[in-house]
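**Student:** Sharing a structure with you now.
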């Protein structure tokens, strides 16, 4: 019988991959990995946070809580919350870092009975505006003039530069993340102007430090409105406008319509001071965004692309200023355009 060839018994011998083909495969794999890295760098998603709106009204969920809990009562605040240390004090409230069932929380107490109306207004706004743009309310006790909110260890937005200068946060100290912070801020203003309780104006904003102190920086680098003690209502249909306080304001941070219009020869009198609407918040957006953008690589490029919308925000005529929604849409377009351009340039270099 004729013998079968040796190769037929063992099967076909594997073909050797030419070195050039192997090199091409390696290069293709490297390009794929580089693209993934680029996508992560330029379109880095924020860490997801628990959305308090997933709980029904009057309930909350923080940290690793799986279920929603009702707002804490006076008795629960008195017996279950342990104060640790004071972390802040303003004209209306003093704030204590506290602990509730192994959760770090912020306990706010009224500083003076003279400020009780402001305290109760802030509490009512906090209750009415619960959602992704506002710090989470955990409970309150009007009898004790206290309220409990979620604690955010990075603190006030005024700490932004100090925080981003820390080495562990260098990866988020980019123009992309800073522009997203500016978008967060404008989103909050837009929410207040279209809130469930009408058009609200952020009145505690007569200078940059005061404005920044009204907001919190979260651990995933987003912004939350925190201090809602001065949110008067504007109602255009009924002609209801606002005045932020009863004192004369100065400087170019506040909108022109907030300044005394009758010159130095006429003494300031609150009854003669004209009222105004929510467009005072729009005037301040460029200054706050400039702070948030900082002075890092790429921030001036972003400012250049935002020049036109910021110029419109600074119109002397309030009605000619854009809405917060207009500003937000422009910010999104600039972010998308610059990010796409940088990704395209980076890929061309591969």
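Placement of Cβ uses the backbone N, Cα and C atoms for every residue, glycine included.
Per Swiss-Prot, topological domain 'Cytoplasmic' is recorded for 1-20, and the stated evidence type is sequence analysis. As annotated by Swiss-Prot, N-acetylmethionine applies to 1, with the evidence given as a large-scale study or a structure entry. Residues or ranges marked as transmembrane segment by Swiss-Prot on the basis of sequence analysis: 21-43. Annotation source Swiss-Prot lists topological domain 'Lumenal' at 44-350, citing sequence analysis. Marked as domain 'Protein kinase' by Swiss-Prot: 81-350. The feature N-linked glycosylation site is assigned by Swiss-Prot to 165, 220, 235.
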**Student:** Sorted by position, what residues of the same chain at least six away from residue 235 (N-linked glycosylation site) have a C-beta under 8 A from it?
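**Tutor:** Sequence-distant Cβ neighbours: 198, 199.
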**Student:** Have a look around residue 165 (N-linked glycosylation site) and count the other CB atoms within 10 A of its CB, chains all included.
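**Tutor:** The Cβ of residue 165 (N-linked glycosylation site) has 10 Cβ neighbours within 10 Å.
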**Student:** With H, G and I counted as helix, E and B as strand and the rest as coil, say where DSSP puts residue 220 (N-linked glycosylation site).
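**Tutor:** The three-state answer is coil.
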**Student:** Please report how many Å separate the Cα atom of residue 220 (N-linked glycosylation site) from that of residue 165 (N-linked glycosylation site), as a whole number.
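**Tutor:** The separation of the Cα atoms works out to 16 Å.
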**Student:** Please work out the number of neighbouring Cβ atoms within 10 Å of the Cβ of residue 220 (N-linked glycosylation site), leaving out its own Cβ.
**Tutor:** 12
**Student:** Within the topological domain 'Cytoplasmic' (1-20), what mean pLDDT does the predicted structure show?
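**Tutor:** Within the topological domain 'Cytoplasmic' (1-20), the model's average pLDDT equals 52.
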